[in-house]
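Going by Swiss-Prot, these are the annotated features:
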ACT_SITE  D445  active site, proton acceptor
BINDING   H107, H111, Y128, D285  Fe cation binding site
BINDING   Y128, V129, S130, G131, G132, D160, G173, E177, N257  L-threonylcarbamoyladenylate binding site
BINDING   R333, D334, A335, G336, A337, E338, S339, R340, I341, K354  ATP binding site
DOMAIN    330-527  domain 'Protein kinase'
REGION    1-324  region 'Kae1'
Amino acid sequence: MIVLGLEGTAHTISCGILDENSIMANVSSMYKPKTGGIHPTQAAAHHVDKVSEVIAKAIEIAGIKPSDIDLVAFSMGPGLGPSLRVTSTAARTLAVTLKRPIIGVNHPLGHIEIGKRLSGAQDPVMLYVSGGNTQVIAHLNGRYRVLGETLDIGIGNMIDKFARYAGIPFPGGPEIEKLAKDGRKLLTLPYSVKGMDTSFSGILTSALEYLKKGEPVEDISFSIQETAFSMLVEVLERALYVSGKDEVLMAGGVALNNRLREMVSEMGREVDATTYMTDKNYCMDNGAMIAQAGLLMYKSGIRMNIEDTSINPRYRIDEVDAPWVIEKNVKYRDAGAESRIVNTDFYGRSAVKKIRIAKGYRLKELDERIRGERMKNEFTVIRRMRDAGICVPIVYDYDPFEKTLTLSQIQGELLRDVIRARPNVMGNVGHDVAVMHKNKISHGDLTVNNIIVSDRICFIDASMGKVNAELEDLAVDVYTLEDSINSLSENGKTLMKEFKMSYRANFPQANDVLNIVEDIRRRHRYV
């Protein structure tokens, strides 16, 4: 089956042609603004000028006639509206002219599926990093789920914005990578990981301040990469444990960065996960990836009429069924993204020793700082939670030099393992989170892997929590929990309804927090 795919969500218009056996052609034309970032109307004008040319060239390279095409696929979203409209119009015109079926493709889905095809990955956790997108994605329950993403700007846009202020033209990423190789001094930048999500606006603000103060651009570039990439790899590792996968795949324009590739590969070696890299020729937006996703969708029985092909600039990957994926499920025992757990004895009491292990992918200086800060913070948050009557482990010993905590054992099952069989437990979770929040305590990583269900609801691994939390911090807790539940259960809305009823009943400011949760979702410009 020969599929023609058209990509045009942002700065690139591209046509790819492939079948089940080979990629026959992939032709692209990229809009490069003379100054500043992407101007949507100018990008669309570029696509209008080039779309016929790239289609004709791709057909020529493929050595086929237009009538040989069996299916037309195009990027339906997410992306810039003007660019999407040009692409969809061209695809519809082609499909109608050739009297062939048409199918609209989710842009991130294309990145995943071309990466899998070229690398041999079967069921990976994907780190999708580009100008507008920063997401950690895995297939669970019939769909790809977004396990973590940016809460503000995409990492590629952050790098490009810094580059513009530093006088580097678009795209700035490759030049920042070159400059970073000559950097020697690690400047302190915000390390903003919130559960499974990240935030890069603080890094940009601090980096620009360093630029104004006259710090060498090489050192700033070096510090941006080391800090931002460490955040990404940390969340990626956490996603492996949450999803039960043992493969990692990288895609998107930022995935071309050799330092990021090196860090992801090192993390994979540390946790015994297989790391796959999308061929660099296909990391950037391209038509072949749209053709590949369209091929899989069509062969799985998915069909669209012309009237179903309206563009969707906010089209999320978790809205798309992906029945062709065969899921894996790996059990990681006594391990997490932050630490290793060892059963021990503390003066006759059953205990666990939580060892915050060094991360080889992080610079030693940064790693020492992060591990030390988080262990100290976990000790503080646990103590405050116990004072508030919340079930948490007892801290028997705190060793800041060895970076270990010795804690009491909590018997029970993880929420992720019981949530389907015992959905009514969510009311109890809502009650205890309300108590936590009423005492101005946030957990910081409130996922289904950090809640234990026994005769009580108990919380573990609060190393990213706060003891004088703002409403925004409390909202991130609820947002993180909701996302982790939705990623694992098709009944997420029902489960969260039980949670929210109890949360509202036991926390006077619950509605304020839940309104901020919705605001966080609206702030997700990059989907």
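Even glycines carry a Cβ here, placed using N, Cα and C.
Features per Swiss-Prot, on structure.
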| residue | record | Cβ within 10 Å |
| --- | --- | --- |
| H107 | Fe cation binding site | 27 |
| H111 | Fe cation binding site | 34 |
| Y128 | Fe cation binding site | 26 |
| S130 | L-threonylcarbamoyladenylate binding site | 27 |
| G132 | L-threonylcarbamoyladenylate binding site | 23 |
| G173 | L-threonylcarbamoyladenylate binding site | 21 |
| D285 | Fe cation binding site | 26 |
| S339 | ATP binding site | 22 |
| I341 | ATP binding site | 17 |
| D445 | active site, proton acceptor | 27 |
Looking only at Cβ atoms, how many others are within 10 Å of the one on N257 (L-threonylcarbamoyladenylate binding site)?
23
Residues within 8 Å of the H107, H111, Y128, D285 Cβ centre (excluding the Fe cation site residues themselves):
T9, P108, G110, S130, N133, A251, G252, M289
Among the binding-site residues D285, S339, I341, which ones place their C-alpha within 10 angstroms of the C-alpha of S130 (L-threonylcarbamoyladenylate binding site)?
D285
Looking only at the region 'Kae1' (1-324), report the model's average pLDDT.
95
What whole-number distance in angstrom separates the two most remote CA atoms of the L-threonylcarbamoyladenylate-binding residues Y128, V129, S130, G131, G132, D160, G173, E177, N257?
18
Proximal residue to H111 (Fe cation binding site) among recorded positions G132, S339, I341, D445 (C-alpha distance):
G132
Spatially speaking, which of the binding-site residues H107, G132, I341 is closest to D445 (active site, proton acceptor)? Use C-alpha to C-alpha, please.
I341
Candidate nearest S339 (ATP binding site) in space, where candidates are the binding-site residues Y128, G132, G173, N257, D285 and distance is Cα-Cα:
Y128
Expressed in Å to no decimal places, the gap between the Cα atoms of D285 (Fe cation binding site) and I341 (ATP binding site) is 41
Could you state the CA-to-CA distance between Y128 (Fe cation binding site) and I341 (ATP binding site) to the nearest Å?
30
